Amino acid sequence: MLKAAVIGLQWGDEGKGKVVTYLSRRYDCVVRYSGGSNAGHTVDYGNFKMVHHLLPSADIKKQKMMYIGPGVVVDLDVLLEEIDQINNLIPESRSLLRISKQAHVVIPIYRDLDEKIDSSRANQIGTTRRGIGISYANRAMRCGLRLEDFETPARAESFLNEISRTWSIKFDVKMILDSLIEKYNKIRDLLIDSSEAVRVLKEKDLLFEGTQGVLLDVDMGTYPYVTSTNCSTTGIQPGFGYPVQVDKIFGVMKAYTTRVGEGPFPTELKDEVGENLRRLGSEYGATTRRPRRCGWLDLVLIKYAIETSACNALIMTKADILSGFEKIPICMGYKIGGKFYTQINNTAHLTEIEPVYEEIKGWKSLHSKEFDDFIYKIERELGLKFAYISTGPKIEEITEL
C-alpha cells in the first residue's frame with residue numbers, strides 16, 4: 001500500500017492544499033493528522049474555491065475519502081460549516097468523511113484565553129487566536145474534552161468544570177455543554193474509534209496532509225514563534241494513531257519566502273519589492289487575512305527543513321509570480337560572526353545572521369531556459385529533484401517532471 005505525505009518546507013502558506021488535492025487522485029484517502037482551524041488550505045477548482053481549515057484537502061469531485069485523526073483539535077463550528085460547504089458543492093460528499101472520536105474539541109472559551117495570553121506576552125507570538133494552543137495545553141494537562149466524551153454528558157460536564165478550575169475562569173458550563181452536544185449530534189454518524197479507523201485505513205493508499213510548515217513545528221521550528229504541534233513528518237504517527245511507514249515525503253516550497261506573524265525572517269524584504277511580491281502573489285493569510293511578510297528564497301532554511309523532515313521529493317509553487325523580475329536573488333548562506341555557513345543545526349540564532357545572496361537571471365516564461373537554470377541550481381544545492389512544478393492557482397495548473 002502506498003503511503004505518502006505532503007509537508008511545507010517554509011513557514012506554511014506554501015500552497016500545500018492545491019498540491020494535496022491534485023495528488024489525492026492517486027490515493028484512497030487523505031489524512032489530517034495535526035493542527036486545527038489555524039490551518040488554511042485554499043483549493044481552486046476553477047468554477048469555485050474552497051478554503052479547508054479542518055477538512056482534508058481531498059479531491060471531493062473524485063470521491064476521495066477524508067480522515068481527521070486523533071492528533072487534530074476540532075472546532076465544531078468550523079467543521080460543520082465546511083461540511084455544509086462540500087455537501088452543497090458535491091451532494092453526498094459528507095459521507096466521504098470520518099473523524100476520530102479521540103480528537104480533542106476546541107471550546108469557545110479557548111479563543112478568548114488564546115487572545116488574552118498572546119496579548120499579555122512581552123513579545124507576542126502572533127497566533128491565529130483560534131484556541132489551538134489552549135486545546136493542546138489542556139490535552140497535555142489531561143483536562144481537555146474529546147469528541148467521545150459527549151457520549152456521556154456527565155463526563156463532558158466534569159471536564160468543563162475542570163477546565164474552569166484549571167484556568168481560574170468562570171463560564172456557564174451548562175450553556176456551553178448544551179451547545180456543544182447539539183453540534184456533536186450533527187456529526188455523530190461520522191465518528192469512528194481510532195483503532196477501528198486504523199483497521200480500515202492501513203490497507204489503503206494514504207496521503208498525509210501536513211499543516212503549516214517545518215519552520216513552524218513546535219520542536220524543530222523557529223521557537224518560540226511556532227505553532228503548538230509537530231506539523232512536520234514527526235507528527236504523522238501520533239496524529240494518525242498508528243505506526244506507519246511513509247515512503248514518499250513531498251516537501252512543498254514557494255519560489256520565494258513568506259511568513260505570517262512574528263519571528264525571525266532572514267531574507268525579509270521591508271521595501272517596495274516585498275510589497276510587490278505580496279501584491280503579485282496575493283499574500284494574505286487564508287485563515288486570518290493578515291498580510292504575509294515576503295522575502296527571497298532561503299536555501300539554508302530549506303536545507304534544514306529537508307534534513308529534519310526526511311523529505312525525499314520537492315514541489316515548487318508560485319514560480320509564476322516571479323516571472324518578469326530581471327534578477328532573482330537566492331540566499332545561499334549566512335554570515336555569522338564573520339564566518340560563512342551554508343547549513344545550520346538549529347534556528348535559535350536567526351536574528352544574528354546576515355544572508356548572503358547569489359543573483360541569477362530572471363525569466364519571462366516558465367518554459368524558458370532561465371527558469372530551467374533556476375530549478376537546476378536549486379536541485380544541485382539541495383541534492384533533491386523536483387517532482388512537480390505548480391504553474392498557477394488552479395488544481396490542473398501543475399507540471400510533473
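Placement of Cβ uses the backbone N, Cα and C atoms for every residue, glycine included.
According to Swiss-Prot, the protein carries these features:
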type	residues	note
BINDING	12-18, 40-42, Arg292, 318-320, 390-392	GTP binding site
BINDING	Asp13, Glu14, Gly15, Lys16, Asn38, Ala39, Gly40, His41, Thr128, Arg142, Gln212, Thr227, Arg290	IMP binding site
BINDING	Asp13, Gly40	Mg(2+) binding site
ACT_SITE	Asp13	active site, proton acceptor
ACT_SITE	His41	active site, proton donor
BINDING	Ala286, Thr287, Thr288, Arg289, Arg290, Pro291, Arg292	substrate binding site
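Feature annotations (Swiss-Prot) mapped to structure.
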residue	record	DSSP (3 states)
Gly12	GTP binding site	coil
Lys18	GTP binding site	helix
Gly40	IMP binding site	coil
Thr128	IMP binding site	coil
Gln212	IMP binding site	coil
Arg289	substrate binding site	coil
Ala319	GTP binding site	helix
Thr391	GTP binding site	coil
Whole-number Å value for how far Lys18 (GTP binding site) lies from Gly40 (IMP binding site) (Cα to Cα): 11
Other CB atoms within 10 A, centred on Asp13 (IMP binding site): 28
Most distant Cα pair in Å, residues Asp13, Glu14, Gly15, Lys16, Asn38, Ala39, Gly40, His41, Thr128, Arg142, Gln212, Thr227, Arg290 binding IMP: 34
Between Pro291 (substrate binding site) and Asp13 (IMP binding site), the C-alpha gap once rounded to whole angstrom: 12
C-alpha spacing of His41 (active site, proton donor) relative to Arg290 (IMP binding site), in angstrom: 15
Cα within 10 Å of Arg292 (substrate binding site) - qualifying binding-site residues among Asp13, Lys18, Thr42: Asp13
Densest Cβ neighbourhood among Gly12, Gly15 (binding-site residues), 10 Å radius: Gly12
Residue among the binding-site residues Gly40, Pro291 whose Cβ has the most other Cβ atoms within 10 Å: Gly40
Spatial neighbours of Gly12 (GTP binding site), counting only the binding-site residues Asn38, Thr128, Gln212, Arg289 and Cα distances within 10 Å: Gln212
Candidate with the highest Cβ count within 10 Å, taken from the binding-site residues Arg289, Arg292: Arg292
In sequence order, the recorded positions (Asn38, His41, Thr128, Gln212, Arg289) whose C-alpha falls within 10 A of Lys18 (GTP binding site): His41
Candidates Lys18, Arg290: member of the binding-site residues with the richest Cβ shell (10 Å): Lys18
